[in-house]
Amino acid sequence: MTVQTAQIVKNYIGGEWVESISTKMEAVYNPATGEVIAQVPLSTKVDVEQAVLAANEAFKSWSKTAVPKRARILFKYQQLLVDNWEDLAKLITIENGKSYNEAYGEVLRGIECVEFAAGAPTLMMGKQLPDIATGIESGMYRYPIGVIGGITPFNFPMMVPCWMFPLAIACGNTFVLKPSERTPLLAAKLVELAEEAGLPKGVLNIVNGAHDVVNGLLEHKLVKAISFVGSQPVAEYVYKKGTENLKRVQALAGAKNHSIVLSDANLELATKQIISAAFGSAGERCMAASVVTVQEEIADQLVGRLVEEANKIVIGNGLDEDVFLGPVIRDNHKERTIGYIDSGVEQGATLVRDGREDTAVKGAGYFVGPTIFDHVTQEMKIWQDEIFAPVLSIVRVKSLDEAIEIANESRFANGACIYTDSGASVRQFRETIESGMLGVNVGVPAPMAFFPFSGWKDSFYGDLHANGTDGVEFYTRKKMLTSRWEK
C-alpha cells in the first residue's frame, strides 16, 4: 500500500468524500522521518452540522433495520479488516510510528472489537416478567439512542475507533467520528472498508479537525452521546461540556500505571513484562507501565535486569523488521519528554538509563530512547504526571502495604499489576488497590472487548465504561411496557 505524499484528507459525510468548508490545514507527519505525508483539514462547526444532519437522517432507517442484518454487515466488515490487515498495520506504523509488530497487534485488537460488536445483538435482548400481578405482565426493551459522537486519540488509531462505532451501529445508532488530526489516514481506511461491507450512507461519518469539531459535537442538540479517549484535561472538559448539554458521556482519560514487584516474584518474567509494557508503543498508551514499586531486597537485581534489557532494544523506523521502539508522535512531544527527563535529574532521581543519548534521538525522526529512573519519590514530576513516553520510574519499598499505599496516592487509576507467587498477596492487592484494571504477572492488564475498559479516579469520567455490557448499556436506552390482558 502506498501513501500519497501530502495528500489532502477529506471528510466523509452522508456516504460521500467531501472537502471541508475550512481552508485551514494541518500537516500529518511520519514521526519516524519527519516527512509530511498528508494535509488534514481543521473542519468547522458547519462541517459538523452537515455530518450530524446526515447521521440523523440515516438513523430513521438504520434504527429500524433488522438486528440480524446489522450484524451481517459487521461480520462482513470484520472479514474485510482481516483481508486488509497488512495494509492497516503498515498505515498505522507510517502515521503513528509504532513498530509493525505492535501495529499488527493493534489491528488484531480492533478486529476483536468488531467481532464483539457483531455479536452484541444477543446482549440487546430485553427482559420480561409474565405475572407481576394477576393478568398483568411487564417487560423491558432496548432501543438505540440516536446520533453518537466519537472523539479518538492518535495512539491507537484503529483499536479505539473500532471499540466505538461498530458497537454503536450494532445497537442501531449512527455515528460521527472525529479521529485525531495526527492520524487521520487510518480512520479514512476504516470507513472505506465499512462502505465496502455495505454500511448504508450516513450511518458512519468522519469530520476531521480539532477544537471546533469537538465543540461542535458537544454542543449539537441532535448528538445524544459522546465517547471520548484522550488526555485527562480534555477528558474532563468533554465530560463537563457534554453533560452540561444533556448528553450521555464516557470520557477515558490519562494514566500513571503502577507495577508492584515483590521479593518472591519471578524476576525474569517480571523484567520481560515490564520492558514490553513500559517501552512498547513508545510508552504512548494509557495502559503503559510507568512506575515500578519494588521491594528493597530485590531492587538492585531488578534494576540491573531492566537496564540490561533496555540496552538491547532496537530503536528506529517501525517498518524495519528488528525495530521494537519507534518514535513518539511529534517533535514537541519529544521535547516535552526530554523536559521530564531533565526534571527527574534536577529533582534528585537516579538516571540509570538515559534515553536522550541513543543514536536515533539525534536523527530526523521524533525518537526518545528507553529511559529508566531509580530512587524516584512521590514529590517528583516524573512520578506524578502522565509523561506518555518511554520513561520508567522505579520506587523502592519495604512491603506490599507500602507499595499499595504509594500507588493509591496517584490521582490516576487506569491499571495496576503485581508480580508475585503469593495468592495472599494477590488477594490483598485485588482488595485494596484503587485501580480499575488489574494484572497478576502480566504487564498490560487491558481486557478483551467483551469486558469493560474500566479506569477509576481521573482516568475516567462517566458512569458506563467502553466495551462489554457497559458499552451496550451506553449505546442503548430502555423502554418498559406493562400490559393487562384479561379474558
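Cβ atoms are placed via backbone N, Cα and C, with glycine included.
The following features are taken from Swiss-Prot:
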type	residues	note
ACT_SITE	Cys286	active site, nucleophile
BINDING	Phe154, Lys178, Glu181, Arg182, Ser231, Glu386	NAD(+) binding site
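Feature map: Swiss-Prot annotations on the structure.
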residue : record                   : contacts (Cβ under 8 Å, 6+ apart)
Phe154  : NAD(+) binding site      : Asn96, Ser180, Arg182, Thr183, Glu284, Ile329
Lys178  : NAD(+) binding site      : Gly149, Gly150, Ile151, Thr152, Ile206, Val207, Asn208, Gly209, Val213, Val214, Leu217
Glu181  : NAD(+) binding site      : Glu26, Val28, Val40, Leu42, Asn208, Gly209, Ala210
Ser231  : NAD(+) binding site      : Ala253, Gly254, Glu386
Cys286  : active site, nucleophile : Asn155, Val229, Leu252, Ala253, Gly254, Ala255, Asn414, Gly455, Ser459
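Just so you know, the Cβ of Arg182 (NAD(+) binding site) picks up 20 other Cβ atoms within 10 Å once every protein chain is counted. When Cβ atoms from all protein chains are considered, those within 10 Å of Glu386 (NAD(+) binding site) total 22, not counting its own.
Across the residues annotated as binding NAD(+) (Phe154, Lys178, Glu181, Arg182, Ser231, Glu386), the two Cα atoms farthest apart lie 23 Å from each other.
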